[in-house]
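Since the structure comes first, as structure tokens, the remarks are kept for the end.
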Amino acid sequence: MSHITPSFTTFLLLTIVKIVVVLVITLTAVAYTVLLERKVLGRMQNRWGPSRVGPFGLLQPLADGIKLFLKEDMMPLAVERPLFVLAPIIALSCALISISVVPFGAKTMVGGVDLFQIADLNIGLLVILGITSIGVYGIALSGWSSNNKYSLFGSLRASAQLVSYELALGLSLVGVVLRAQSLSLRDIVNSQSAHGMRSWNVFGGCQIIGFFIYLMAAYAETNRAPFDLPEAESELVAGYHTEYSSMKFAMFFMAEYANMITVACVATLLFFGGAGSPFGHLFDGFASTGFLHAVLPIFWFVAKILFFLLLYIWVRATLPRFRYDQLMSFGWKFLMPVAMLNILATALALAYHG
Amino acid sequence: MVPIAYYLVLAAILFSIGVGAFLIKRNIITIFMSIELMLNAVNLTFVAFAHMWHQISGQIFVFFVMVVAAAEAAVGLAIIIALFRARQTLNVDQVNLMKN
Amino acid sequence: MQTALFIIFGLLAVLGALNLLFQRHPINSALSLIVVMMSLAVLYWSLGAEFLAAAQVIVYSGAIMVLFVFVIMLLNAGEEERTHGSQIAYIAGIPGAAAIFCLLTFVFLSEKKQLGTTQLGGYLTSAVSNITEISHTLFTSLLLPFEVTSILILVAILGAVVLARKEL
């Protein structure tokens, strides 16, 4: 609750500026995540990765972007046209919308508007879960409207996988919500800010099981290795985006990486103390001046996200792909029960202590 | 400042469209969807009344309606799949084995 | 603010519902129903039911309608054809729906004064949040019905599995 209530125009103006800035940063981050993945994956497989365009291949995303923009936008004859166009839009917009409730830094009020969060909702976590569940339609419709059996198989696999793992994902977060007693992401971050690393949910909060369930479910949610069988090249051509080309393909591609970033954001916020420093208030004297005080939390936030992205790439380089029945039985028979036990244990512990 | 009555009228519109769709549509999946539309319309009236009386009970009702709708959708769609396996059609007019 | 929200999303809901009625292909109907549900979620939020707004999106749009879309894709249902039965339904259905609509609207509009108006945020920013309130009621006075719903869902899952099996 702010003490200064902003006028409607300031609020609107600042919000639009925030949205534009966050959108630009997210899309740039998406582009460079692709580069990061290609570079790191290359090094892990004992090769260089992209290195031709610009110093260290740093301009590669730009070149890729230009290539994708300028490619011919093919529209296969037999597709269900409106849905075929709508599907990538749904996928990308759902991936981007969920960023809007993420608090990027410490609460910094300017003119009564929080600078580092687009909207602090009291149901922020549920909004993220809801938007991700809407994202399923992008994938389901793309496969169906492509009128191609490989696409349909890919999208059926993907939607079944997303729906099944959403349960484990949601349940793994309940322990955190129980501890924070709030669904607002800001409150959840604040509940872990007392003693730095010791009060993070993953360590001090004893939510490490919840964290691992979340991590695995999140890999499945974003269709990443080792759960990337919706787009398994060796079986399904390219899964649900087989028929897509040019910008429409790029939208799916961007949606996948934006989802990765969102998932990393949520993991950071819920289990790793969000923008809080791992040393707690130890170095608060050092960063008491205005600018550093505002920027340091963002540094921690970005560092944590980078860690999760590297983890993604590492896992992709290390683990082979699951078989589909293994994937389903892992989700339903292992992750779900463990997540429920985690909720039970957390609830009992909280009831005992509180 | 919207009068609650307008919310209720909106719910009435949605409900009657649901009734119309239920009667007119011939595809069994669409018929099922119009039932969901009617449930949603009723939920809107529940929420509006909860707001009006400043009581939570209306919202609790909606919660239970959602739970029941989820269960109903699971069973209903399973029935539809079984029906399609047996009859190769989704048209309700062609599912008339018990007639005549 | 609330008027704008109501007009935009109310219109969206009505248009979505009409589209459900007029589209011939079930998948288009399903998508328009999703639009209706999303706009209803916004309306719930504007009426102070934040938890229900989120639950509407997660449960209805994110789970139930995914199931519908899934079944439509699985059965590859084509456009529906008009048969003889639908003519009778036209004659009975449209006047019936119109009668229901007229009756309800008449009652609601004539009681407009008594029903009062809504205010955005008036109810929301009370000391207890909406979620706390709902969960408190659910886990104290309505504990038994709440637990019974879990059995209901279990039965529904088993029923769905049995019904959708190949050999019936």
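Glycine residues also receive a Cβ, built from the backbone N, Cα and C atoms like all the rest.
TrEMBL annotations: computationally assigned, not manually curated.
Listed in TrEMBL:
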{"type": "TRANSMEM", "residues": "A:12-35", "note": "transmembrane segment"}
{"type": "TRANSMEM", "residues": "A:83-106", "note": "transmembrane segment"}
{"type": "TRANSMEM", "residues": "A:118-141", "note": "transmembrane segment"}
{"type": "TRANSMEM", "residues": "A:162-180", "note": "transmembrane segment"}
{"type": "TRANSMEM", "residues": "A:200-220", "note": "transmembrane segment"}
{"type": "TRANSMEM", "residues": "A:257-279", "note": "transmembrane segment"}
{"type": "TRANSMEM", "residues": "A:291-314", "note": "transmembrane segment"}
{"type": "TRANSMEM", "residues": "A:334-352", "note": "transmembrane segment"}
Residues sitting near the transmembrane segment (A:118-141): Cβ under 8 Å, six or more positions beyond its termini, same chain?
15, 18-19, 22, 83, 86-92, 94-95, 97-101, 103, 155-156, 158-159, 162-163, 166, 169-170, 173, 177, 182-186, 188, 221, 230, 240, 252, 255, 259, 262, 266, 270
Looking at the stretches A:83-106, A:162-180, A:257-279, A:334-352, which one shares the most CB pairs under 8 Å with the transmembrane segment (A:12-35)?
A:257-279
Spatial neighbours of the transmembrane segment (A:162-180) far in sequence, C-beta under 8 Å, 6+ residues away:
125, 129, 132-133, 135-136, 139, 187-188, 191-192, 201, 205, 207, 210-211, 213-214, 216-218, 220-221, 227, 270-271, 328, 331-332, 335-336, 339-340, 342-343, 346-347, 350
Hey, which bits of the same chain come close to the transmembrane segment (A:334-352), Cβ under 8 Å, at least six residues off its ends?
165, 167-168, 171-172, 174-175, 178-179, 206-207, 209-210, 213, 216-217
For the transmembrane segment (A:83-106), find every same-chain residue at least 6 residues outside the stretch whose CB is under 8 Å from a CB in it, and list them.
19, 22-23, 26, 75, 114-121, 124, 127-128, 131-132, 134-135, 137-139, 141-142, 144-146, 185-186, 189, 243-244, 248-249, 251-252, 254-256, 258-259, 261-262, 265-266, 269, 274-275, 293-295, 297-298, 301
